[in-house]
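Structure, as structure tokens:
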Amino acid sequence: MSERIVIKNLAAHADGPVTVSGWVETVRDQKKVQFVVLRDESGAVQLVNPRNSDAEGVVIADEPAITISSLAQGTFVTATGELKHDERVKLGGIEIKLSSLEVVTEAIAETPIASDSSIDKRLDWRFLDLRRPEQNLVFRLQTTFEHALRSYWVEHDFIELHTPKLMASASESKAELFEVDYFEGKAYLSQSPQFFKQMAQPAGFGKVFEVGPAFRADPSFTSRHATEFTSIDSEISWIDSHEDVMRLHEELLVAGFAAVKEKHGAEIEALFGIEVTVPSTPFPRIPLAEAKRIVAERGYEVPRHDDDMDPEGERQIAAYVRETFGHEFVFLTDYASSIRPFYHMRHADDAALTNSYDLIFNGVEISTGAQREHRVEILEAQARDKGLDPEELDFYLDFFRYGVPPHGGFGMGLARVIMLMLGLSSIREVTYLFRGPNRLLP
Ligand code: AMO
């Protein structure tokens with residue numbers, strides 16, 4: 001490795017000779033001096049080159065001839081010079097007076113995207129789009145968020161799972177299933193680790209988590225749907241109801257938001273104009289039926305045929321919760337059995353309702369959680385009730401035939417959390433490489 005200093009560490013470095021590497025962000029040619037803004041993964045610094053009598057600027061390569069004036073944006077260079085702290089320099093109060101500049105790889109002069117390019121165009125050139133400081137921050141804070149969740153899980157004795165993504169059957173709805181050729185037969189891409197995180201309960205693991213890919217053959221083009229997304233899943237034994245799952249869920253989110261705020265709060269405010277709020281606990285909880293009444297009182301009727309809450313209803317209830325409780329999160333609970341999967345436990349006194357919830361963050365659903373039905377006869381009946389063939393589910397039903405503790409858990413879309421945390425309008429902005437019905441490249 002060279003002696004390169006990461007740009008953000010220059011601030012703490014004494015005046016004197018330094019070497020930095022990165023890509024050219026801008027070149028400003030003035031009569032007596034040339035300025036280059038050099039950026040690396042950690043930040044940007046100004047390089048200065050006082051012009052000598054040579055009006056073309058300093059030649060830094062002969063064949064082909066490259067001068068500082070002709071450096072294309074995006075060219076990767078290594079620069080050596082004298083670091084000087086100077087409060088008058090707007091960019092971080094430091095500059096480097098160049099003694100040498102080596103071009104490592106040249107960039108084509110015309111950059112294919114600009115700051116006002118459409119999201120689709122930017123995704124075509126994702127590696128260039130990702131050079132923007134905002135984008136770099138998205139993935140640094142996402143790393144912090146995931147790390148905080150993982151620390152919580154590890155400290156609380158959870159076991160990490162890596163469940164298979166090739167499946168013999170659907171794990172959520174058949175409509176959203178990707179089918180792939182599998183030797184002589186067919187396989188399906190996993191829509192959720194649902195069955196296998198539940199399997200860890202009769203396996204005696206107690207508490208588990210997984211952060212991994214999920215696939216949904218969902219043809220929608222909304223700002224919150226992808227055909228492949230990162231799902232954050234957790235499942236715990238010995239719960240009394242979905243209330244225990246919600247408590248775990250809250251604690252995880254508080255850990256994640258607190259870590260992000262502490263490490264990146266100032267940068268998020270500077271680049272996104274958003275103040276990250278660490279949510280207070282408990283988050284408000286509102287049964288779905290009551291939420292619909294509240295929304296109706298505010299003048300919005302969720303379509304009658306819809307047992308669920310639609311996106312506008314979610315926005316309305318979020319507005320109510322913000323006004324009433326000053327909270328960005330709300331658990332909508334007790335969804336109707338008619339719109340929940342067969343594996344959700346139903347209320348003991350009202351089979352039309354389930355021990356389940358959706359978590360809404362700033363008006364968008366980020367998660368579904370529930371207590372699971374662990375009594376195999378009831379589970380079988382509920383599967384039949386949903387038109388499923390228990391024989392096809394036999395491998396799953398077996399989990400419940402040899403002893404299993406009461407359990408529950410949740411699944412949460414990582415991109416949705418990050419999108420909403422930053423006030424962005426699409427998960428495409430916070431997904432490293434987005435996959436949608438008409439995007440498989442890059
Ligand atoms: P559900 O299907 O509600 O529940 O998914 C859980 C969460 O995953 C995210 N999500 C998506 N994100 C991006 N694109 C998609 N197409 C997409 N589909 C879902 C959302 C959603 O809230 N097995 C259950 C969870 C459980 O009960 O443990 C499940 O998958 O943020």
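Glycine too: its Cβ is placed from the backbone N, Cα and C atoms.
Heads up, TrEMBL stuff is auto-annotated, nobody curated it.
Since we're looking at a predicted model, the values are computed, not measured.
The annotation domain 'Aminoacyl-transfer RNA synthetases class-II family profile' is assigned in TrEMBL to 139-442.
Per TrEMBL, the feature L-aspartate binding site maps to Glu172, Arg216, Thr368, Arg372. Neighbours of Arg372 (L-aspartate binding site), defined as other CB atoms within 10 A of its CB across all chains, total 25.
Residues or ranges marked as region 'Aspartate' by TrEMBL: 194-197. Taking the region 'Aspartate' (194-197) as a whole, pLDDT averages 97 in the prediction.
TrEMBL lists Glu365, Gly413, Leu414, Ala415, Arg416 with the feature ATP binding site. Annotation note: Ala415 (ATP binding site) sits in a helical segment as assigned by DSSP. Cβ neighbour count for Ala415 (ATP binding site) (all protein chains, 10 Å cutoff from its Cβ): 24.
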For ligand 1, which among the binding-site residues Thr368, Arg372, Leu414 have a CB under 6 Å from it?
-> Thr368
Expressed to the nearest Å, what is the distance separating Glu172 (L-aspartate binding site) and Gly413 (ATP binding site) at their Cα atoms?
-> 15
How many helix, strand and coil residues does the region 'Aspartate' (194-197) contain under DSSP?
-> 4 helix, 0 strand, 0 coil
List of residues, in chain order, with Cβ under 8 A from that of Arg416 (ATP binding site) and at least 6 apart = Arg224, Phe361, Val364, Glu365, Ile366, Ile427
